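*Asks:* Pulled these from TrEMBL:
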ACT_SITE  D44  active site
ACT_SITE  N92  active site, proton acceptor
BINDING   D44, E234  Mg(2+) binding site
BINDING   45-49, R57, H61, 89-91, W93, R95, R215, 221-223  substrate binding site
Amino acid sequence: MSVINPKYMIKMEEQLVFSKSKHDEINQQLDMERIPNHIAIIMDGNGRWAQKRHLPRVAGHKQGMQTVKKITIAASELGVKVLSLYAFSTENWKRPSSEVSYLMQLPVRFFSTFVPDLVKHNVKVTVMGDITQLPEATQKAVKDAMADTAHCTGMILNFALNYGSRDEITQAAKKIAEDVQNGNLALADIDEASFGKYLMSTQLGQFANPDLLIRTSGEERISNFMLWQIAYSELEFVPEHWPDFDEDSLRSAIIAYQGRHRRFGGLKNQ
Ligand code: IPE
Ligand code: IPE
Ligand code: MG
């Protein structure tokens with residue numbers, strides 16, 4: 001029979017008290033009246049999370065999927081309108097085929113277990129990216145999830161899947177050229193607003209531009225994510241690897257956002 005050394009029990013209690021007080025402090029600081037409408041997250045660090053534990057990289061992706069579930073529910077309960085999650089970039093095809101295959105299976109697993117929860121929380125699924133290049137089963141899982149949640153009117157859970165911003169902008173430019181050539185669009189009508197309608201984020205309507213962009217794992221770069229849309233987003237780079245990111249991390253990032261002065265080129269007190 002194993003007996004817990006009382007010394008460690010005290011340590012565990014101390015730790016519980018510590019994390020509870022930290023949690024309370026975060027809750028006190030959070031202003032529920034100023035929750036960002038659109039939060040975008042570059043979910044990074046799955047591989048390193050796994051390697052630190054001497055596990056294969058895919059174990060990090062599996063754990064990361066649990067984080068997606070937790071953060072989706074947390075964001076929806078906070079009143080976030082759009083949560084955009086970068087799940088697979090147009091450059092991620094460069095990874096070993098075994099890892100790519102695993103990543104392609106994840107949406108199948110994710111939606112097969114999570115759609116009822118999404119419906120329960122009134123969350124609608126949308127996707128940005130070229131899904132026609134994904135395996136059949138992945139495409140089906142994504143399309144079914146979008147159809148099964150199409151009636152939901154709460155938060156939009158917007159997955160970036162085989163998404164790259166340069167590709168998005170290039171495709172938009174091509175479509176605009178085509179419309180001009182066909183006489184469906186006048187050159188004089190091309191402006192920022194009309195250009196935005198050719199981007200994949202147009203489906204997000206008035207919330208197309210993230211208010212807050214979070215990247216986990218300590219990397220401080222954008223890696224081809226929503227380049228047009230983040231022109232005036234507040235950026236938060238956090239050290240946790242994605243599988244370790246939790247509700248308190250999300251709340252802390254929002255608190256940091258709430259401490260910023262967004263000026264959009266104007267002056268602070270305008
Ligand atoms: C993010 O984690 C998930 C995807 C890019 C699909 P990574 O797989 O990039 O993990 P690291 O950055 O190698 O640790
Ligand atoms: C960005 O992470 C893509 C996703 C999170 C899906 P990466 O891990 O692919 O980015 P880099 O290679 O470190 O820039
Ligand atoms: Mg990475």
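All residue numbers here begin at 1 and follow the chain in the order shown.
Cβ atoms are placed via backbone N, Cα and C, with glycine included.
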*Asks:* C-alpha of G47 (substrate binding site) to C-alpha of N92 (active site, proton acceptor): distance in Å?
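*Replies:* Spelling it out, the Cα of G47 (substrate binding site) and the Cα of N92 (active site, proton acceptor) are 13 Å apart.
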*Asks:* Could you list the residues of the same chain, at least six apart in sequence, whose Cβ is under 8 A from the Cβ of T90 (substrate binding site)?
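*Replies:* T90 (substrate binding site) has long-range Cβ partners G129, D130, N162, Y163, G164, R166, D167, N224.
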*Asks:* Just the number: how many Å between the Cα atoms of W49 (substrate binding site) and E234 (Mg(2+) binding site)?
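*Replies:* Each residue's Cα considered, W49 (substrate binding site) and E234 (Mg(2+) binding site) end up 26 Å apart.
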*Asks:* Which number gives the other C-beta atoms within 10 angstroms of the C-beta of G47 (substrate binding site), all protein chains shown included?
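*Replies:* G47 (substrate binding site): 21 neighbouring Cβ atoms within 10 Å.
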*Asks:* How many other Cβ atoms sit within 10 Å of the Cβ of W49 (substrate binding site)?
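*Replies:* Cβ-Cβ neighbours of W49 (substrate binding site) within 10 Å number 25.
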*Asks:* Out of the recorded positions I have (D44, W93, R215, I222, E234), which ones have their Cβ sitting under 6 Å from ligand 2?
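*Replies:* The qualifying recorded positions are D44.
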*Asks:* For the recorded positions listed here (D44, E234), tell me which residue's CB has the most neighbouring CB atoms inside 10 Å.
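*Replies:* Within the set of recorded positions, the most crowded position is D44.
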*Asks:* Can you list which of these recorded positions (D44, W49, N92, W93) have a Cβ closer than 6 Å to ligand 3?
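*Replies:* Result: D44.
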*Asks:* Please tell me which one of the recorded positions listed here (D44, N92, E234) sits closest to R215 (substrate binding site), measuring Cα to Cα?
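*Replies:* So, spelling it out, the nearest of the recorded positions is D44.
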